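Student: Copied straight from TrEMBL:
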- B:Cys21: active site, nucleophile (ACT_SITE)
- B:Cys262, B:Cys408, B:Cys464, B:Cys467: [4Fe-4S] cluster binding site (BINDING)
- B:Ser309, B:Asp371, B:Asp372: Mg(2+) binding site (BINDING)
- B:21-246: domain 'Glutamine amidotransferase type-2' (DOMAIN)
Number of protein chains: 4
Amino acid sequence: MTTHPWADDRQEGDDKFHEECAVFGAWNVADAAAITALGLHALQHRGQEASGIVSYDGKKFSSHRGLGLVGDVFHDTRIMAGLPGSCSVGHNRYSTTGDTLLRNVQPLFAEFEFGGLAVAHNGNLTNAHGLRRALIRRGCLFQSTTDTEVFIHLIAISLYATVEDRLIDALKQVQGAYSLVVLSQDALMGVRDPLGVRPLVLGKLPGAANDASGWVFASESCGLDIVGAEFVRDVEPGEMVVIDKSGVRSVKPFAAQRSGFCVFEYIYFARPDSVLDGMPVYNVRKQIGVELARESGIEADVVVPVPDSGVPSAMGYAQASGIPFELGIIRNHYVGRTFIEPTDQIRNLGVRMKHSTNRPMLNGKRVILVDDSIVRGTTSRKIVDMVRAAGATEVHMRISSPPTKHSCFYGIDTPERSKLLAAQHDIAKMAELIGVDSLAFISLDGLYRALGHEGRDAEHRRYCDACFTGDYPIPLVDHDQEFGPGTA
Amino acid sequence: MTTHPWADDRQEGDDKFHEECAVFGAWNVADAAAITALGLHALQHRGQEASGIVSYDGKKFSSHRGLGLVGDVFHDTRIMAGLPGSCSVGHNRYSTTGDTLLRNVQPLFAEFEFGGLAVAHNGNLTNAHGLRRALIRRGCLFQSTTDTEVFIHLIAISLYATVEDRLIDALKQVQGAYSLVVLSQDALMGVRDPLGVRPLVLGKLPGAANDASGWVFASESCGLDIVGAEFVRDVEPGEMVVIDKSGVRSVKPFAAQRSGFCVFEYIYFARPDSVLDGMPVYNVRKQIGVELARESGIEADVVVPVPDSGVPSAMGYAQASGIPFELGIIRNHYVGRTFIEPTDQIRNLGVRMKHSTNRPMLNGKRVILVDDSIVRGTTSRKIVDMVRAAGATEVHMRISSPPTKHSCFYGIDTPERSKLLAAQHDIAKMAELIGVDSLAFISLDGLYRALGHEGRDAEHRRYCDACFTGDYPIPLVDHDQEFGPGTA
Amino acid sequence: MTTHPWADDRQEGDDKFHEECAVFGAWNVADAAAITALGLHALQHRGQEASGIVSYDGKKFSSHRGLGLVGDVFHDTRIMAGLPGSCSVGHNRYSTTGDTLLRNVQPLFAEFEFGGLAVAHNGNLTNAHGLRRALIRRGCLFQSTTDTEVFIHLIAISLYATVEDRLIDALKQVQGAYSLVVLSQDALMGVRDPLGVRPLVLGKLPGAANDASGWVFASESCGLDIVGAEFVRDVEPGEMVVIDKSGVRSVKPFAAQRSGFCVFEYIYFARPDSVLDGMPVYNVRKQIGVELARESGIEADVVVPVPDSGVPSAMGYAQASGIPFELGIIRNHYVGRTFIEPTDQIRNLGVRMKHSTNRPMLNGKRVILVDDSIVRGTTSRKIVDMVRAAGATEVHMRISSPPTKHSCFYGIDTPERSKLLAAQHDIAKMAELIGVDSLAFISLDGLYRALGHEGRDAEHRRYCDACFTGDYPIPLVDHDQEFGPGTA
Amino acid sequence: MTTHPWADDRQEGDDKFHEECAVFGAWNVADAAAITALGLHALQHRGQEASGIVSYDGKKFSSHRGLGLVGDVFHDTRIMAGLPGSCSVGHNRYSTTGDTLLRNVQPLFAEFEFGGLAVAHNGNLTNAHGLRRALIRRGCLFQSTTDTEVFIHLIAISLYATVEDRLIDALKQVQGAYSLVVLSQDALMGVRDPLGVRPLVLGKLPGAANDASGWVFASESCGLDIVGAEFVRDVEPGEMVVIDKSGVRSVKPFAAQRSGFCVFEYIYFARPDSVLDGMPVYNVRKQIGVELARESGIEADVVVPVPDSGVPSAMGYAQASGIPFELGIIRNHYVGRTFIEPTDQIRNLGVRMKHSTNRPMLNGKRVILVDDSIVRGTTSRKIVDMVRAAGATEVHMRISSPPTKHSCFYGIDTPERSKLLAAQHDIAKMAELIGVDSLAFISLDGLYRALGHEGRDAEHRRYCDACFTGDYPIPLVDHDQEFGPGTA
């Protein structure tokens, strides 16, 4: 009913995959809810539809959740005052379903026999539907439509005595991708699924009194930086880090597995100043640009990024190719709401709310446009048209990801396959549809090289690259049951 | 009472001069108010406190004005539906006084003997106080505290018969900087003061039926681009462009004068994709960077812009110096409201809402930071501290403007002189206060060279550069009367 | 654009004349704005569309105005905190024009050569259009569409030296009905027009330190009661009461005239607990009921008031006739907004938001319905239908005013004559249209008897009764000029 | 955080018991949600803190719930458009706990194995705490803090196959007072507890196509009247009325019991135009006045009701005693928010937002004040002071209920016993505390006589009168377990 602030983003300029969520947690920290809100703010790019925080002050849990950006949901000092305590867990949501009900906004919270528990989840379960049906048959009442609520009920009906054991009991029944931050009366827990598909890092605030205070979890290291926390380490795939009054413990309830970290985090999702699994994201992106220049170099006058995500790769491309890097497309930072009805007049004029061309940098030039991905191709077409209208004589598009041909089932919002341009057409046809003189994507091996490997080793896959390859490392239980295996 | 969306900007990261206003007008255009709102949106950087539109449908004037960004003020289709007609004038406001009353939000509108008239003004009058006092003594009732209202009353009491003549009568009595867009029942008029201190351009929408339709005025050319209008020409200093049912006429009520266009428009105010007076802003900024590298080059490992305004100059600096350009500072685009109370804890942690460092690009590096100006110096100090905390071994700051030593009286929001760092200290002391290893500003001559001149010619000054030189091209009537001449 | 809280009132159950305004003022009183807000709240029945307060703290004037009820406009303690000072003037507005622009909300305020002045006006000027035209020709700029603004400009251009003299200068040029409260830096003034058409009373708060403190003006005595102020006296027709640091003075700039107090204030407008001109309103209304029973008694089983305004007259009727008084119609006090779209289904069901019948009191009964007036007759018809649907065997309607055949030009919102049922039809036809078995109005003489006179004396008219008689005591300058004399 | 619209009510003028809730349901009715909103509007007096509606359109359930009055929660046509379908259930809430969380706002809704189910509940369970604990131990997750949610979980875990049987299964496990309206995909059900403590009526809209359409349930008959529905009958104590596609069925799962209808519904809670259990509420109230006059008549000049609830009893008292009935106290209908901070000044002036005295009717008079109850006595004291300040020479208070000495556990908001004036003091002391010359309450037998009985028969009690007698007809399971038996 409300026009969301980023609606324009999606209508006009944003033909991207979208990260679904960010999580954050704080243990034994002054102003825990404020620290959490700041962390969520730094992680805003991972989810802009809704935000929530649950805090605990040693006696009771308090919560506030709302639709909108972190700064909107927590804009009021009275709201922050209503979230007392030194422990806290928070969540940003990007809904995949259009179903942004307030009751779906995380962290989910419930009162159990053993007390309260708040759960924040980044990822997506692949067997949630089946579990949900079984739980409902048992008499469980679901309050949300999120897969995350499955965790809650599994914990509630578990026969184990401690929260920790009940949580492990629940984890063993689910399949899928999850980075969880869980807050009980006694502990803050950070968990990654056995393949570690989504990121989760552990940090520590300076000046912490002892081993049991000052801890924070965040989806990315930039969530630590904003609050001045020191990066301690990534939570490992399949690990549960438990922080309580005795300090920090590591629990590993799963057998060791090969890693399956989402490679698209490096390409687009993560913030450029984050360091994931020891690799600075910005460096990886620049290096992809370098590889791209090597793989599909072409003569041209300028390298122009599609802002903002194409900038580092374009810089790498420019440095490797020696072609000047120029800001030929300017992004309007006051994007805000779509406030104008698209009448015929408005449409005919080709109004661009989000991008504008820097005509003198494009006019009469052979232009290499660098972007991070092509999803439906709608935006790419518009941008190419703009660049040509500004006088570019040639337009060559270089993409810093391989062609995205498959949907994601692990927590990323992707269109269904039939809407993915690369799933329907070969590169020549794509170039034609987008209207470029040439089009090239980084190769899979080039991508792995940019990440410091020799290339992709299908036997010992290092990352989840299913959106490029269709090689899904976690079984798609619900999907296969509904549509049949091999249809993703 | 409300926390404005950009409050954070000012608290933490924004130690800048601020443009006061943007103006826009449309004549004989379908959806005139929507076109105007889009134009104002593209000109949002020139004023974010309030926005207003007055439209005319051949029978009556309609208006809507509100505090906030364009997209907030005109977010509702019912609001747009309440602004019918094919003629329209709009305004963005950045208040210099903190006195953002709704009654001050432009366009100002009044019913005169001859009908309605709406006035949008970018600039500042230097003899408004005196005129105001005289008009009040005569029985005129002022409704706002803006200097713009002086125009309205001068028009009301003018004894001339036509609107055009009454407006000229008024213009001849005021002194100061003004780009005006004025809408009457019969005509749309665009006016620049005799020195042309503030910009104003004329454009035309494609497909206009005839010479008397499809016209738009905008403060900058980027306001034409967003609606697909073609750039026709700059309104000239001292010129009044009148558009009515007969087409376009040029009226020049003033004797020819040397030009006094605000040079800071090139340095910071204007959008990089605008072309002002034939010069592309982006190119000028890059060229300043080139001049800076020539004037004050230094050995270093990386050139890092303070985003976003420092980017083009940093690119120019890097290209001229051969030192790599890197995004060492990342800007959080979800700035929004300051939603967290700055408790001691928050302060101690050194929370940064707006900027974060890209540590791997800075750690162990000798860094050249490029920014556009130093006003109070508060932000510069914080940024330098951040960069050092990220591991930079040396920090050299290069500024793409000369030292700002004087206040502006022509429509720019500047602190009083005592708050201007460069008015109080020499460069060595400034470097010490900001905490850099070296500090250099572009020279006045360098700035003029970047603009295509041989240097500054004090005899035949081409721009208003009073904020650097104290050489004010328009008499400061009110100021001198209150504080004495030579005190600005 | 907004649905006003009382919209339902007008749509369904409210076919009444409406008082246009209430005024209030406080001089040298702690919490003056709060006292004023309370007074306006007690006077809410005189105007519900908008409310405003201007306060003065010895240095500056502050104001807040908004659309809606007093409690909505001043609901926030921060708003009240923004109205400091011990002097204050306030206004409730009921617009006659549908033109409820915020700029029309009173008190009007302007900065004059001599300082600020706030004016609150109850009434209506009959020569405002002509004055307005003349002032505009002179160069005066009108900001509102209210006749009240004429006062402001007349004061601004007056050549007299003092505020008091300028105000008198202005008063002498206007014709019409007005009760004014005016606040300058030096004085609070209460004025009634020469005929005293609208009420205005003077009161004093207990514990006032001296003769120059604790004073309040209010439209009705109930505005004094709510703040615990003692009733001092009515402001006299043609009197200007001036309160300043020397205490209270009476100024009488006009020659003595016969009185023309609005008799409808007694019948409907004023609150029943007010005392106007020495007469308790509640007593007058009961006495009208007594006269009605005498004049047009009829055999019946119950006397039922149309709530709430018909209650006192119905009680008087019942007491005089000996027929039991019963609450046969119940009013829903949670009227609020009209929140349901009137679909066919809703209309067919005959939904009544405001009134419901107390069926057991009506079923099988001969009912005398007592109401205060019939304007268009639409509500009367609906109420009669409801009463019959509840089983009444006979319905006799008795009205506590004479037939309303003429429009008011002195500050009351009345439909044009062609919409007034009594202007179009005789009583027999009205009875038929409304669907009653008999219909009777109080006679003019009966009305005057209820007010303690022997009857109406056309030669020495005691009240303005123009809405019944067409005998207008103040010339209808604007109206006669536009439509010709004798057309009202 | 929000000041509720009726806050003033409670602060100043409202020392009353409060009904907790209203319920409404519609089956096979055009515009079901609108009909429900109207019904809830007519039942607004039974709960003003929050309101909610769940509708069903044959495919899916839709819901909207919010804090505030019905007209506020459902003010928007888009909200109503979001509640499609011909079946609907609604609820008004008056919270007893101050804990007005949105998640507590009814109707509660859950997705069960068999589909969706919405439950609206008026009343209070006396064994809810124990049941809740047991359900949580079993793994049930409670989302609200209302006792109503116990129904939902009992239904979810029931092993019976049909919704109807599961509901009966749940009902047999709860104790307490409940009138429920329950909507499933297949049926609308109205249920009253075995004693029928709270009311519930069945009605039918005119023009219903067949036996399976046009049905409505409402807490009181006034909820039928507003939508033009015909009263069919009261749902009987212990009865479950089931409406589905086959028409209406009556199910009686409980053994017959004596009735326990809340006698306070007649005295104060119900609207005067409702007919409960065949008795018109207005008539009962008048008759109580008659009995009061007989039992405790006294010589006086006027009978004055405390408006609005004291009016019918005062009328009965006046008719029986022959002493004139006069409106000596006027109620301000624009109550709205408490918008003024109670500063010392405001307090000293004795500001009265809600009531004012009609001084001429009280001055010099011996006054009999009639009110419906005395709870804490705070308001009574203020009203008596007001009446004396208006000049009354004697004040005699007559109360149309017996002394309220015990708390209610069946769905009415009552203070704890220690706050009940009548639980702490005898009548002489109460008279002294309230400041009256005499004080009398209706006797228990008088109350029963007014209801058409010979007096109270303790053996065959006809009503629940526990608040007067402490004779609780339903065991107070939770209370007795916590505080021990006999402590209520």
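Using N, Cα and C of the backbone, Cβ positions are placed for all residues, glycine too.
A TrEMBL annotation is a machine prediction, not a hand-curated record.
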Student: Determine, to the nearest whole angstrom, how far the Cα atom of B:Asp371 (Mg(2+) binding site) is from the Cα atom of B:Cys408 ([4Fe-4S] cluster binding site).
Tutor: 20
Student: Could you name the residues, excluding B:Cys262, B:Cys408, B:Cys464, B:Cys467, of the same chain that surround the [4Fe-4S] cluster site, i.e. Cβ within 8 Å of the Cβ centre of those residues, in sequence order?
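Tutor: Checked against the 8 Å cutoff, the neighbours are B:Val197, B:Val263, B:Phe264, B:Tyr410, B:Ile412, B:Asp465, B:Ala466.
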Student: Per DSSP, to which secondary structure element type does B:Asp372 (Mg(2+) binding site) belong, with helix, strand and coil as the options?
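Tutor: For B:Asp372 (Mg(2+) binding site) - judged by DSSP and reduced to three states - the answer is coil.
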Student: Could you state the CA-to-CA distance between B:Cys408 ([4Fe-4S] cluster binding site) and B:Cys21 (active site, nucleophile) to the nearest Å?
Tutor: 14
Student: As a test of the contact definition, list every same-chain residue at least 6 positions from B:Cys467 ([4Fe-4S] cluster binding site) whose Cβ is closer than 8 Å to its Cβ.
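Tutor: Residues satisfying the criterion: B:Phe17, B:Phe264, B:Thr404, B:Lys405, B:His406, B:Ser407, B:Cys408, B:Ile412, B:Thr414.
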Student: Between B:Cys21 (active site, nucleophile) and B:Cys262 ([4Fe-4S] cluster binding site), what C-alpha distance do you get in Å?
Tutor: 14
Student: Between B:Ser309 (Mg(2+) binding site) and B:Cys464 ([4Fe-4S] cluster binding site), how many Å separate their Cα atoms?
Tutor: 21
Student: Here the recorded positions are B:Cys21, B:Cys262, B:Cys408, B:Cys464; which one has the lowest number of other Cβ atoms no more than 10 Å from its Cβ?
Tutor: B:Cys408
Student: Around B:Asp372 (Mg(2+) binding site), how many other C-beta atoms are within 10 angstroms of its C-beta?
Tutor: 24
Student: Looking only at the domain 'Glutamine amidotransferase type-2' (B:21-246), what is the model's average confidence as pLDDT?
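Tutor: Per the prediction, mean pLDDT sits at 92 for the domain 'Glutamine amidotransferase type-2' (B:21-246).
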Student: Would you mind reading off the Cα separation of B:Cys464 ([4Fe-4S] cluster binding site) from B:Asp372 (Mg(2+) binding site), to the nearest angstrom?
Tutor: 17
Student: Taking the Cβ of B:Asp371 (Mg(2+) binding site) as the centre, how many other Cβ atoms fall within a 10 Å radius?
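Tutor: There are 24 such Cβ atoms around B:Asp371 (Mg(2+) binding site).
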Student: Let's check the environment of B:Ser309 (Mg(2+) binding site): how many other CB atoms sit within 10 Å of its CB?
Tutor: 20
Student: For the recorded Mg(2+) site, whose residues are B:Ser309, B:Asp371, B:Asp372, find every other residue on that chain with a C-beta no more than 8 angstroms from the centre of their C-beta atoms, and list them by sequence position.
Tutor: B:Lys16, B:Ile267, B:Tyr268, B:Pro305, B:Val306, B:Gly310, B:Ser313, B:Val370, B:Ser373, B:Ile399, B:Ser400
Student: Sort B:Cys408 ([4Fe-4S] cluster binding site) into helix, strand or coil using the DSSP assignment.
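Tutor: The three-state answer is coil.
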Student: Under a three-state reading of DSSP, tell me whether B:Ser309 (Mg(2+) binding site) is helix, strand or coil.
Tutor: coil
Student: Going by DSSP, is B:Cys467 ([4Fe-4S] cluster binding site) sitting in a helix, a strand, or coil?
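Tutor: DSSP call for B:Cys467 ([4Fe-4S] cluster binding site): helix.
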Student: Return only the integer: C-alpha distance in Å from B:Asp372 (Mg(2+) binding site) to B:Cys262 ([4Fe-4S] cluster binding site).
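Tutor: Cα-Cα distance, B:Asp372 (Mg(2+) binding site) to B:Cys262 ([4Fe-4S] cluster binding site): 15 Å.
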